[in-house]
Amino acid sequence: MTGNPYLDISALDSSLRVRAFGMGQGWFATARGWEELSVWRTLHNLSPTDATYTELQEMSIPQFLLEGSIVVSAVVTLLTNFSVLLCFTQSAELRSHVPGIFILNLSISNIILALINMPVTFLGVASSAKPLRDQLCRAVSFIETFTTCNAMLSMAALSVDRWVAVVFPLRYSSKMRYRDAFVIVAYSWLHSLAFSLTQLMMRWGAYSHTYASCTLHLDVEEASQRSAYATFTALFYCSSFAPCLFVLCFAYLKVLRVARSHCKRIDVITVQTLLLLVDIHPSVKERCLAQQRKRRQRAAKKICIFIGSFIICFSPYVITRLVELLPSVDIPRHWGIATKCLVYAKASSDPFVYCLLRHQYRKVLVSIIRRIVRKDQFFLSDHSTSSMWDTTDENFPDRIT
């Protein structure tokens, strides 16, 4: 019986395979697949096996994790980036800083990505089908190309601003002015629009099953444009990701070198002071030496976060898109969606990396939260006072009688 090929489940035609995905607590499958498979099993007197259900569950666990990561990334991106915008509206000090223009540009790009592209990708992952029509899908892919490129260039602009502020502190006000910041942002928009508009006019934006999203993709009907599409894709990532990575590494490594030289000077002064103070307690000396070690490590940690988050979140996706251009390479769907989720995770982590963990932003957020709590307390106290007077007025006739 085992030698009969008609009874081997692995010999089924691909059209009889079940496509199942998890939604909520139940397992659902396409009706046609279930009907064909049930008819085949009825003809051969076979019943569903435990191995089949185990395979379905194993297929759905990665999909469930990818869906959850997209939802979490979208929620965190919206909350954190809107918090950054709220800080700017409530603080004149933050608005007076030149880097705030780059941070606003970055936050707006992340918010657009979370409002439009992340939900579309979630629908593509959940349904395993194209969630939008062709025209809407091209518009969504246009937005994705523009926001992703604009976000990369904004991070590069922030690194240049930090480099000028640390390496040339006395000439910072003359080298980095509001006019210069607006020129950099205008270039970022023009650079992003040039590639996204070219993609839109060439109709190279479509639904990609590999990434479960409307993105830069060449349809099968337009296979004759494959060489032009490959050239455009390589040029896009080589002119957006590669220069930004180079600028980040150059600027932040220069900042790290200057920070270490400052730490060495402070360490020399601290050691000389400790040698002069003979009667100082040993615990104070240990505390000073511990602060020296923390100063050395603090700058290195920040630089690693700036550069590491950019490389970890963008490199897998960019490398996958470039390798995908080879005709003999087939990218697994789960890997493609996972790299897309890493890009979305970068949008949710940017406010923490550049803004919300700094003292100025935390101070503004705490003041906003305190004002909201005070308003709530005032509303509750006023409501309780009015209710007390209402009950007093109701009992007043009783006391008269």
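Each Cβ is built from the backbone N, Cα and C atoms, and glycine gets one as well.
What TrEMBL records for 80-354 is domain 'G-protein coupled receptors family 1 profile'. Per TrEMBL, transmembrane segment is recorded for 64-88, 100-120, 140-160, 181-202, 234-255, 303-323.
The transmembrane segment (100-120) shares the most Cβ pairs under 8 Å with 140-160, out of the stretches 64-88, 140-160, 181-202, 234-255. Residues 145, 148-149, 152-153, 155-156, 159-160, 162-163, 166-167, 191, 195, 216, 299, 303, 306-307, 310-311, 314, 318, 321-322, 325 of the same chain, all 6+ positions outside the transmembrane segment (234-255), place their C-beta atoms under 8 angstroms from a C-beta of that stretch. If you take every residue in the domain 'G-protein coupled receptors family 1 profile' (80-354) and average the pLDDT, you get 89.
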